[in-house]
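Trainee: Okay, handing you the structure first.
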Amino acid sequence: MSSTTQAPGPVYQWTADEAVQFLKEWNFSLGIILLFITIILQFGYTSRSMFIYVVKMIILWLMWPLIIVLCMFNCVYALNNVYLGFSIVFTIVSVVMWIMYFVNSIRLFIRTGSWWSFNPETNNLMCIDMKGTVYVRPIIEDYHTLTATIIRGHFYMQGVKLGTGFSLSDLPAYVTVAKVSHLCTYKRAFLDKVDGVSGFAVYVKSKVGNYRLPSNKPSGADTVLLRI
C-alpha cells in the first residue's frame, strides 16, 4: 500500500508594492496613534496633569507584555534559524525583565504599602506625613534635597500639588524616599516664611537604612520607622 505525501505549500511573502500599499492605507492611522503616544510620553508629568501621567503609566505598563507577545510570535514564525535564535534570546530577556519588574514592585509595595510601587517609570517613592495623612508620589531622580512649598494653603512637594488647607507649621521634621533596597530619610534643614500664609522648607538627606513605613503611626512621630 503506497502513501502519498503532499508537498508543503509556498510561503507567502510581501512584495515591495504591497508593503507600500499597506503604508499608504494605514499611514494616517499609525501617524495619529504614534503622535498620541509621543505627546503622552513627552508631557506626562505629575506636576502638569495627573490624568495624563496615569495614562502614560498605563502605556508604559503595557509595553512589556506587548514586546513579549511580539517576540513569541517571532519565535513561532521565524524566517530562518538566525531570526529564531535572536527571537528566543529577546523573548527570554523580556520575560526576565518583566519578572524583575514585578519582584521589585512587590518589594517596594511591602516597604510603603502604596500602589505607586507598581509605577513602571521609577522605583523612587517620596512619602510625607501631613497631619496624619501620608502622601506618596513617585519621583524620577535620587535627589540630595527635597523642597516643600506652601502657597496660601496649597501644599506642593517637588512642584507636585498634594493637597490644600495646610500651613507651614504642618510641615513635618522628616520626609522619606522609599526604594526597593532601602529607605532614605530627609531632615528639614531650612524653613523660610514668605508671608503669613506662604513659605517653603528644604529637606536634606540624612539617613539611609533598611526600613519600611509603619501602617499606623502616631501623630508627630516623624522618625518612627520599622526595620525589615
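Residue positions begin at 1 at the first shown residue.
Using the three backbone atoms N, Cα and C, a Cβ is placed for every residue, glycine included.
Note that the structure is predicted; figures quoted are calculated from it, not measured.
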Trainee: Determine from Swiss-Prot whether L168 and M50 lie on identical sides of the membrane.
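Mentor: According to Swiss-Prot, L168 sits on the same side as M50.
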Trainee: Tally the residues of the topological domain 'Intravirion' (107-228) by DSSP class, grouping H, G and I as helix, E and B as strand, and everything else as coil.
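Mentor: Summed over the topological domain 'Intravirion' (107-228), the classes give 13 helix, 60 strand, 49 coil.
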Trainee: Apart from its near flanks, which chain residues at least 6 from the ends of the topological domain 'Intravirion' (47-56) lie with a Cβ under 8 angstroms of it?
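Mentor: Residues 40-41, 121, 158-161 contact the topological domain 'Intravirion' (47-56) from elsewhere in the chain.
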